[in-house]
Structure formats: C-alpha cells, structure tokens
Amino acid sequence: MERWWFNSMLFKKEFERRCGLNKSMGSLGPIENTSEDPNLKMKNIHSCSNVDYLFGVKDIWNFISDDTFLVSDRNGDSYSIYFDIENQIFEVDNDHSFLSELESSFSSYRNSSYLNNGFRGEDPYYNSYMSYMYDTQYSWNNHINSCIDNYLQSQICIDTSIISGSESYGDSYIYRAICSGESLNSSENEGSSRRTRTKGSDLTIRESSNDLEVTQKYKHLWVQCENCYGLNYKKFLKSKMNICEQCGYHLKMSSSDRIELLIDPGTWDPMDEDMVSLDPIEFHSEEEPYKDRIDSYQRKTGLTEAVQTGIGQLNGIPVAIGVMDFQFMGGSMGSVVGEKITRLIEHAANQNLPLIIVCASGGARMQEGSLSLMQMAKISSALYDYQLNKKLFYVSILTSPTTGGVTASFGMLGDIIIAEPNAYIAFAGKRVIEQTLNKTVPEGSQAAEYLFQKGLFDLIVPRNLLKSVLSELFKLHAFFPLNQKSSKIK
C-alpha cells in the first residue's frame, strides 16, 4: 500500500512573529514578541501585530515537496498547514475533527519505538520534531480541503510569494478582500468555502461571517498599491507622500495633500472657492442627474470642483498654483475648472508671479459638451498672454493620469514640463486607441519614462525632491524668497 512521509511540528510556544522581524528568516522556529501586550491574551481579541509570517520565501524550499505541519498559538488553537510544492498548493485548516485525528496520530507516533530509538528535534524552538507515516486512503486533500480563515488572515498576513515565488499580491484573496470591498457574504450560517487562483496555484479559503465583518470593518485603514498590490497603512501613507513603501510607486494624491506638500505652512490663500457648476447644458442621465453627481462628489471630497487654485509661498517664494484633483469626477475639466484656472493665470500675470499647475485629469467633462472643450482654448489664450506678453514663468507638473484635453492644452504648454515617475500620460487612453484603430498599444508606451526618452518633457522628479527642484528653478528665473528680495533692494 502506498504510503507518504510527512513532517509534523508542534511549536512549544505560540505561533508568533512581529511585523518587524527580530530574527533571521532562515530559522523556522517561532519568534517571541518582546513587547507583548497582556490584553492580547484574551482569546477573542486578534491583532495583526501579534503574528506575522510563517515562513520566508527562501525557507519553503528547505522542505520536501509534500509536507503537513501542525502548529498551535498561545490560545491553544491548533492549525494544520499543508504544502505541496510540486503542485503549488498551500492550505491551512483549523477543522477540529481533523486536528483531533492528526494530534492522536501525532501522540501515538511520539510514543512509538521509532521515537524511542533516538530521534529528537535539534531546533530548541520546537517542542518536538518528528516524521510519521499516514495511509493515503484517508486522502489528505479531503481532510485539508479548506484554507486559512480570516482570523489567520488578519494575524499572519500571508505572503502569496510563498505560493507563487513572486512578490505580486494581485490575485491574493486576502488583499482583494481588504482592498476591493467586494461582497463576501455567504448563505451558509456557519461559514463557506471559497477557491481562488494565485499565479496558477489553488488556494482555498474558509470564511466565517464574523471574519467577513472584521475584514469590512478595517478595510478603510489600508490603501492598495496599483503597481505591486501591496497594502500600505493609510495613517502612515501621507507622511510618506503617498509613495508605496514596498515598491516605491507614486500613488494618487488629493489636491489638498499636494498643496500641503508644496506650499509653506500658513501661506496658502485659496481663490474662487465658492464657484460651482450650474449644469449649463442641462445634461440628464438615466442613472444619475449631473447636478446630483456633482453634489455627491462635493460631499465625498469636500471640494466644490476638480481643481483648487490660490496663492502661496514655496520656500518663501510667492507663487500662483492650481492643483487638479482626480478624486473629483476623474479630474475632468468643465466650465468651472477652466474658469478657475484662467482667473489664476490672469491674477499671476497681474501680480508678476510664477505659475504652477499640477495636472491630474481624464480630460474634458462630457456632461458639459462643447463648453468643456472651449476651456482648452480659453486657458491656452490666457497662457499666451502670460508667457509671451508678460514674459513670466510657467511650470507644468504632470501626474498620473494626465490625459485628454488637459494633455492637449495647458498640460504641455509649460516653460518647464515636469512629470512624476511612472505617471500615465496620454491624449487617448489605451482602450480607446485599441478599440478605434484595432491595434494593440505597446505596454509602457504611455508611461512617463518612455515619453521622456522621446523628448516630451524636461524632467522626471520624485515627490520628495519636487519642492526643492521647483525652488531652484524659480531662483534660476529670478524669483526669490521675499526676505532675500527685500534685502537685495536695500
């Protein structure tokens, strides 16, 4: 009869790793939490700071191709962990009936003659380390037919690279559940089973209604990276300038955050804050009227329109600045956006101020028809007077995404054009081009790095350097901080 060898481990202490690892991942044993909170000993309180990774990616290849591990946490809850490297299967289960059978076999084998003949685990972190034989008639796949539930998801933060050998989290159930907000409710009272694919690997998740509620409850605390699909804690993301701490990708920023990044504290003076759209062409949609949609975005973002304009100081240098906000109807340019930017340019021309416009837009706003298209010409006309007649300095900053009418007008009219790393910059989007021309758009052909090589703009500047770069550019063009300017006049 065919038999299989398995490794089984029963940890002496709780299954525990902190997010900041304080032991080499080369060792498989549990790591003690030196800053343990006594409140965490309560059985029904879970914390992601309590447990982190089970294994590092490099550890997984130290095991044979078909392994099962038995682990126990500080609450006495046991879990079986099953690896099938050859078939790329990773499953975790806390099925009590199966675990009882496993522990029974484990205990019987521990007292067997094989163990008494001298086999001992060498790792001091294990209570025991052993191998035992198990008849395949019981079918391990049937016993371990469900994987980690949300309790372990919130504590272990499973790295899908264990399964796929890559650093991508894109198809992970855990990350989808936290970030997408998709409905995970089940008609079953006690829980349900969900199977997903992760880079060609089968992953079965056992869910419970309480776990799903926890997932939805804390979803708002995280922001998922568009590039690596890793999770970034929202509370810390702002201090990191909305740059992914895992891959360095520049995530979208609100207009208020950009103003805070560029403008000196206490110097911001907004303009035309009370200007709102009145639905000039009375655009009506069966799904949602235009005015209702405007109202919903105003409540959601706290803004009146898709751009903020005003006067402020950048390292002491007075500047006029307009910042578009993609969160407000995709940063689309309607009559109010066009009017606010035009007034900003005219005010900068009258006050002899350098001008900055931060672009983040999907283009002209279709709900306002040709009036939105006319904003392109109106803004370009105001810039013509500002740049050629007044001989003043305009810096255009292109962020992701900058497309459509904004790209075709003031986005590309800067005396200096700066792009953020990996910014998506185009006139027509990839999908529109492919559907119109029936041609495939090459991957990366609308990214900032590729367009920079083609000479489309002057600089690619990371966010952490942007303010200092702008300051040097203004000084180069004879715009100095107020205190330096007054001292030179004296």
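Note that Cβ sites are derived from N, Cα and C of the backbone, with glycine treated the same way.
As written in Swiss-Prot, here are the features:
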{"type": "REGION", "residues": "184-203", "note": "region 'Disordered'"}
{"type": "DOMAIN", "residues": "221-490", "note": "domain 'CoA carboxyltransferase N-terminal'"}
{"type": "BINDING", "residues": "CYS225, CYS228, CYS244, CYS247", "note": "Zn(2+) binding site"}
{"type": "ZN_FING", "residues": "225-247", "note": "zinc finger"}
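DSSP assignment over the zinc finger (225-247) gives 7 helix, 4 strand, 12 coil.
Sequence-distant neighbours of CYS225 (Zn(2+) binding site) (same chain, six or more apart, CB under 8 Å from its CB) are LEU231, ASN232, CYS244, GLN246, CYS247, TYR249, LEU251, listed in sequence order. On the 0 to 100 pLDDT scale, the zinc finger (225-247) averages 90 in this prediction.
Taking the centroid of the Cβ atoms of CYS225, CYS228, CYS244, CYS247 as the Zn(2+) site, the other same-chain residues with Cβ within 8 Å of it are GLU226, ASN227, TYR229, GLY230, ASN232, GLU245, GLN246, GLY248, TYR249. Cβ neighbour counts within 10 Å, taken over all protein chains shown, single out CYS244 as the most crowded of the binding-site residues CYS228, CYS244, CYS247.
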